[in-house]
């Protein structure tokens, strides 16, 4: 007997999450363990790894849970949903990536030995999902977002393996493997999900003063902790020191340049909150691919300034152009914050590889790869055989692979998200917390008309 449509979608979210968590409990019980206590006691490097890595790990947790969560609250009636869905997707994607990475790279003698480094790599994979959903924020249901995360994590792991392990691309801060991949994956999902229909401006889509202020606080938190995100996987010592300094310089330059560019683009000289929320972070995206290389400080400043200009110009001109000509919907402007600065950073890495001596460069991108030190040595030998010009070419090839593969994968995933059972909200009920949460105080919310209230009540029976 078929399940009535009024009851099936309503229970789809808890059913999906309950089955996932139950399967994960069984998987951990059978296959996941820690290292033997005796081996841990004899290995003093493990203690050093905890003391050196965990502070960075905490910084990244604050970035993703608090900073990014607040950054997404610029939609005035979608704050609960933005924060909660971001938190949910982070935990779901991290666990899913932990399982996949364990099976693919760390499954030995029927066991997966868990440590902080493996958890950190899984959280880096989860970052791609948190970025990608920005393209469809507010217009997709939680079930759609979870299905999107389920598809994106294995695709990211495959792309990262090809780019880092097979091609030997240098990208210690994830500019190409994380930011470029997640941007074009999200745009591909958006294009396939909304097809060729141009999304009109929703009444609840325009930010308010309070929502923009919350989002700007999120930007400040991300700005403070971003160097930890870039430097955590660098080799301790000179490479990690350079990565921190270069990131701070790039982000400082992008913050100042954002104010300059935003003020010049406005006729009255006033600043746009949206420009500040995103342009101030653009330097951190662009610098990641060259952060540990021995580039001069002026290069970090220049890269931060150029990335901020690209980001601001993208919000002012490119986003409306893509929406008008290609009917491409990008709710959070991820193309301006992650796509354009990511491409700039990849281009900068080509130049840096050509001008920076190989023996003064920092750690290899295999630090992002589960292959570990053996892969690092292999990549170093591979670079030596291909030469400087060959490595520069592979940097460009890595960018093309990340953008092309993610866009195609996003289009396929977006097509799958159109399934009716995933309960995509109708246009008139998008960007509304009350669709998914019990809101007790509606004093600050705009008063909906009676037709919207009736529509919300009807949709709640299906979500």
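Keep in mind that glycine also has a Cβ here, set from the backbone N, Cα and C atoms.
Taken from TrEMBL, the feature domain 'Ammonium transporter AmtB-like' covers 25-419.
Taken from TrEMBL, the feature region 'Disordered' applies to 442-463.
TrEMBL lists 12-34 (among others) with the feature transmembrane segment.
What TrEMBL lists as transmembrane segment is 54-75 (among others).
Residues or ranges marked as transmembrane segment in TrEMBL: 87-107 (among others). Counting same-chain residues at least six beyond the ends of the transmembrane segment (87-107), those with a Cβ under 8 angstroms from any Cβ of the stretch are 17, 20, 24, 27, 31-32, 64-65, 69, 113-114, 118-119, 121-123, 125-126, 129-130, 133, 142, 145-146, 149-150, 152-154, 157, 370-371.
Look at TrEMBL and you will find 119-138 (among others) tagged as transmembrane segment.
The transmembrane segment annotation in TrEMBL covers 215-232 (among others).
Taken from TrEMBL, the feature transmembrane segment applies to 244-264 (among others).
The transmembrane segment feature in TrEMBL is assigned to 301-323 (among others). For the transmembrane segment (301-323), the residues of the chain that approach it from at least six positions outside its boundaries are 198-199, 249-258, 261-262, 265, 272, 274-275, 278-280, 282-283, 285-287, 290, 329-330, 333, 335-337, 340-341, 344-345, 348, judged by C-beta separation under 8 angstroms.
Taken from TrEMBL, the feature transmembrane segment applies to 335-356 (among others).
Marked as transmembrane segment by TrEMBL: 392-414 (among others).
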Whether the transmembrane segment (244-264) meets the transmembrane segment (215-232): three or more C-beta pairs under 8 angstroms: yes
Whether the transmembrane segment (54-75) meets the transmembrane segment (392-414): three or more C-beta pairs under 8 angstroms: no
Residues from the same chain, set at least six apart from the ends of the transmembrane segment (392-414), whose C-beta lies under 8 A from its own: 132, 147-148, 151-152, 155, 159, 162-163, 167-171, 176-177, 180-193, 289, 343, 346-347, 349-351, 353-354, 386
